[in-house]
Amino acid sequence: MMTLNHTGVSHTVFRLLGIPGLEDQHIWISIPFFISYAIALFGNSLVICIIFTKRSLHEPMYLFLCMLAGADIVLSTCTVPQALAIFWFHAGEISLDRCITQFFITHSTFMSESGILLVMAFDRYIAICFPLRYSTILTHTLIGKIGVTIFLRSYCTISPIVFLLKRLNFCQNNIIPHTFCEHIGLAKYACNDIRVNIWYGLFVLMSTVVLDALLIFISYVLILHAVFHMSSQDARHKALNTCGSHVCIIILFYGPAIFTILTQRFGHHIPPHIHILLANVCVLAPPMLNPIIYGIKTKQIREQVAHIFFPKQK
């Protein structure tokens, strides 16, 4: 669609450019994107299959890990195929409704992952501080309710943004310099006042992801307090070891996200393609590396993977 610049026209079709400034490198950039996506799909699908089929892994920690793996698949699938289509076929055209749908699924899934990481921290707190009551507190019924609550919270907080976007009149440029649709990245092309979008977007960020990170930090302060009051050194080492993989995933999830937010807020001198690459790291690196981290750090999953690919000869 041609870019029109008067308020009587509202764009219904947009064009994603991919990574502006690196168009001649799109083919090369697509290689790590494709490899990372393939690893994410295979690794997370394998984790889900192992946990579902192995009855001994139907414990709270692994059920939460199964939720995380499912969210990782959704998050990467909503963004990477679109990027690959742009890199390979220059297929960046996207309708307004599809753009909003992509934003809705991507952002709600990202917030769901944040919520899952919070309940995984709660799981470790219960396991270490109340080991004898662990199975009676975290029942399968409670885990199911927690899972539903996490996803409802994400969808309910993101849904108003859909209506805030639908009310806008997109009469400015319809060229989006990105590989996928974002809330403010789309809203800034409107001729309307978008202060409500900006303030509500900040409220959603603070009330979900930032709050989750704060509660995770408090959980680990309590966990460390309990661990260092254990009398046995072996017990301390075992307790800390059970938290190792979760801490790695927390850093992997929140680290790039915080860095991206800071560069967008203060890094005005940073080239646009760096911002776009960082945004893609946020939605691609965790899904790719999470199953690898848990596969390496968790003995039960490591043994099941080894059994699948290297079955013992009778």
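Cβ atoms are placed via backbone N, Cα and C, with glycine included.
Unlike curated records, TrEMBL annotations are generated automatically.
Because the structure is a prediction, the values reported are computed rather than measured.
Sequence annotations record features per position, and here TrEMBL assigns transmembrane segment to 27-52 (among others). Only residues 6 or more beyond the boundaries of the transmembrane segment (27-52), in the same chain, are considered here, and those with a CB under 8 A from a CB of the stretch are 19, 58, 62-63, 65-66, 69-70, 72-73, 76-77, 80-81, 83-84, 87-88, 280, 284-285, 287-288, 290-292, 294-295, 301, 304-305, 308.
The domain 'G-protein coupled receptors family 1 profile' annotation in TrEMBL covers 43-294.
The transmembrane segment annotation in TrEMBL covers 64-91 (among others).
Long-range Cβ contacts of the transmembrane segment (103-122) within its own chain (Cβ-Cβ under 8 Å, at least 6 residues beyond either end) map to 61, 64-65, 67-68, 71-72, 74-75, 78-79, 146, 150-151, 153-155, 157-159, 161-162, 165, 180-183, 186, 204, 208-209, 212-213, 215-216, 219-220, 223, 246, 249-250, 253, 282-283, 286. Residues annotated as transmembrane segment in TrEMBL: 103-122 (among others).
The transmembrane segment annotation in TrEMBL covers 142-165 (among others).
Annotated transmembrane segment per TrEMBL: 198-227 (among others), in sequence order.
TrEMBL lists 239-262 (among others) with the feature transmembrane segment.
Marked as transmembrane segment by TrEMBL: 274-294 (among others).
Spatially, the transmembrane segment (64-91) is adjacent to the transmembrane segment (274-294); three or more Cβ-Cβ distances between them are under 8 Å for residues at least 6 apart in sequence.
A Cβ distance under 8 Å defines the sequence-distant neighbours of the transmembrane segment (198-227), meaning residues of its chain 6+ beyond its ends; these are 110-111, 114-115, 117-118, 121-122, 124-125, 128-129, 153-154, 157-158, 160-161, 164, 183-184, 187, 236, 239-240, 243, 247, 250, 254, 257.
The list of residues near the transmembrane segment (239-262) in space but at least 6 beyond its ends in sequence, with Cβ under 8 angstroms from a Cβ of it, reads 68, 113-114, 117, 120-121, 124, 127-128, 209, 213, 216, 220, 223, 226-227, 230, 275, 278-279, 281-282, 285-286, 289-290, 293-294, 296-298. Confidence over the domain 'G-protein coupled receptors family 1 profile' (43-294), given as mean pLDDT on the 0 to 100 scale, stands at 91. The list of residues near the transmembrane segment (274-294) in space but at least 6 beyond its ends in sequence, with Cβ under 8 angstroms from a Cβ of it, reads 19-20, 33, 36-37, 39-40, 43-44, 46-47, 65, 68-69, 72-73, 75-76, 78-80, 83, 106, 110, 113, 177-180, 182, 245, 248-249, 252-253, 256-257, 259-260, 263-264, 267, 301.
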